[in-house]
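> Below is one structure. I have some questions about it.
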């Protein structure tokens, strides 16, 4: 089984933020498991020079340990330093903003909590400055830094390093975020955006005084999106440019769905159409359903492959399959790609 590095890291961050009971034993056990996963994550793929999961999950693990004020072995930290130095965070042609932002937050936390020596702290500061500079360079004309979901991560870096007041990119990103809050519909994406809206970062969890925190959490019922009348037709295309797929285009068919349908609804409708047969599978993740298999072709993490979601001709979608709602006559492409 793959290490649950990222999922456990997010759980530990959430646990610390909700002020757990004073009994530390269950919490200590989870921290021990996370340390174990960090080692398994790396050792299992040592000959590849990268974690089994991803640098994003790996750095989330380091960040979660730091937020719990747990020391991290210097070798673990230097793996991330080396990856930053050699530009290893990139996934294919995609953005590295979210990964670099999590790494920068982890580095800032380790330095601030004095969990590393003076010399290593200086290296972490220098690396964080480089990553912060690249985040500014990655900002597009709409104000997003990388994409809509990596933007809150980048903004947390500016907050944590006390540069949000002097960096124009931060104000532009905040304006873009406020105009697109409806894109944050899952608990995981909301958890990234909410701290930023209050001028906070995940590092502020460390200094929370739990005895002074009021228990104001109340359950709410999710609002159902209004149904739009009528139908729409979406052209669904499946591409596999890899050598194992002789025909480059494996599927190209119109799919009729209700006007309010999501991409996930489009996939379900395509599977129900019959001939030509369309099949797909998903995996549940913290960010919602993840497209794992299409027409029998599986996205395999150990081969660093994934199903890329695009709207024609080549624009990557910034939402997951359950959140994105295609327009009428839009062409959607599922492309088996490398990262």
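Easy rule for this one: first residue shown is 1, then count along the chain.
Placement of Cβ uses the backbone N, Cα and C atoms for every residue, glycine included.
Predicted automatically and left uncurated, TrEMBL annotations should be read as such.
Here TrEMBL flags 53, 54, 55, 56, 57, 98, 147, 192, 307, 308, 309, 317, 339 as cyanocob(III)alamin binding site. Marked as disulfide bond by TrEMBL: 66-109.
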> Of the binding-site residues 57, 147, 307, which one sits closest to residue 109 (disulfide bond) when you measure Cα to Cα?
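That would be 57, nearest by Cα distance.
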> Using a 10 Å cut-off on CB atoms, tell me which of the recorded positions 66, 109, 309 is the least crowded.
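Relative to the other recorded positions in 66, 109, 309, 309 has the fewest Cβ atoms within 10 Å.
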> Cα-Cα separation of residue 53 (cyanocob(III)alamin binding site) and residue 66 (disulfide bond), in Å?
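Residue 53 (cyanocob(III)alamin binding site) to residue 66 (disulfide bond), Cα-Cα distance: 20 Å.
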> What's the number of neighbouring CB atoms sitting within 10 A of the CB on residue 57 (cyanocob(III)alamin binding site)?
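There are 24 such Cβ atoms around residue 57 (cyanocob(III)alamin binding site).
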> From the Cα of residue 66 (disulfide bond) across to the Cα of residue 55 (cyanocob(III)alamin binding site), what is the distance in angstrom?
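Given the Cα positions, residue 55 (cyanocob(III)alamin binding site) is 16 Å from residue 66 (disulfide bond).
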> Give me the CA-CA distance between residue 57 (cyanocob(III)alamin binding site) and residue 66 (disulfide bond), in Å, as a whole number.
14
> At a 10 Å cut-off from the C-beta of residue 147 (cyanocob(III)alamin binding site), count the other C-beta atoms across all protein chains.
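I get 19 for this one.
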> So how many other Cβ atoms are close to residue 53 (cyanocob(III)alamin binding site), meaning within 10 Å of its Cβ?
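Result for residue 53 (cyanocob(III)alamin binding site): 23 other Cβ atoms within 10 Å.
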> Closest of the binding-site residues to residue 66 (disulfide bond), Cα to Cα, picking from 147, 307, 309?
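Ranked by Cα distance from residue 66 (disulfide bond), first place goes to 147.
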